[in-house]
């Protein structure tokens, strides 16, 4: 729980925080990609375990069939576990401290010029410990959710909400890949690639014999051949995708941050801590024994992050929910006598 703070008497009266109406509606078709993935995994299990191992390999050696099947089951289990965690983990909402109270919303609505509005948003963002701004140098405010976006937070048009440390929305999981799902997403890719490589490698050992005597595959040749081709294609495609994401992890950046540079208030600051290991730990956590296990171990709360200039910056303990008395209520209610607002110094990290 974030503690409340006393409000200056000179401010517009603040009411309770009001979260906007949730516009999201059930979308059954959004689960179609998930069903396709489930069907593909089910078919792969049938083709590899029930056909390849129990029929073809077992005919040669029971021991080899058991070893091949055990390896496949282990990788498949880890892949499904990671996939389920990515798909089933609910996106944690931005806490109420970042929502604008009724009074703050009124003050913002009464800001009759851009300069006053910008000054108000900058003050509200500063009180909440936000250290990044938009490309225009102004604090990032979400009109849909009526909240100040925490660092690395973005609004997802599919989920219709702001997502902490958003990377992207993935239809294959029917979920947003963000702060509390990114590790699961990476592990899903890793175990999927490992499963494909393992399947192709063990199948490939028998290809020469099958090509010389196609009768060995009858009547299951179509299943074995198809899983080899699909596995090879997925290993290359998903492997490349995994490589791109691991490269971003080494720099402690998200897909959105890669596409558009983050703008910091403090010159020289960056989410890249300057050390690949430290960047990796931000996502996978300090306990190496849990790196490959789909349990949440990422550092922080998805609101405040360590930076190059502030490596010990951690979870916020107290977030004021209103602006301070520097700007009087009259300033925002009338739009007159607006104080001079000095734009903060900006640093674009590339």
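Every residue gets a Cβ built from N, Cα and C, even glycine.
Since the structure is predicted, the reported quantities are computational estimates derived from the model, not experimental observations.
Here is what TrEMBL says about this protein:
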DOMAIN    140-261  domain 'Palmitoyltransferase DHHC'
TRANSMEM  29-57  transmembrane segment
TRANSMEM  63-83  transmembrane segment
TRANSMEM  184-208  transmembrane segment
TRANSMEM  220-244  transmembrane segment
(request) Using a Cβ cut-off of under 8 Å, list the residues of the same chain at least 6 residues beyond the transmembrane segment (63-83) that approach it. (result) 37, 41, 44-45, 48-49, 52-54, 57, 173, 184, 187-188, 190-192, 194-195, 198-199, 202, 292, 294
(message) For the transmembrane segment (29-57), give me same-chain residues lying six or more residues beyond its boundaries with a C-beta closer than 8 angstroms to one of its C-beta atoms, as numbers and ranges.
(response) 64-65, 68-69, 72-73, 76, 79-80, 83, 87, 171-174, 195, 199, 202-203, 206, 216-217, 220, 223-224, 226-227, 230-231
(message) Give me the DSSP three-state residue breakdown of the domain 'Palmitoyltransferase DHHC' (140-261), ordered helix, strand, coil.
(response) 67 helix, 16 strand, 39 coil
(request) Report the mean pLDDT of the predicted model across the domain 'Palmitoyltransferase DHHC' (140-261), rounded to a whole number. (result) 91
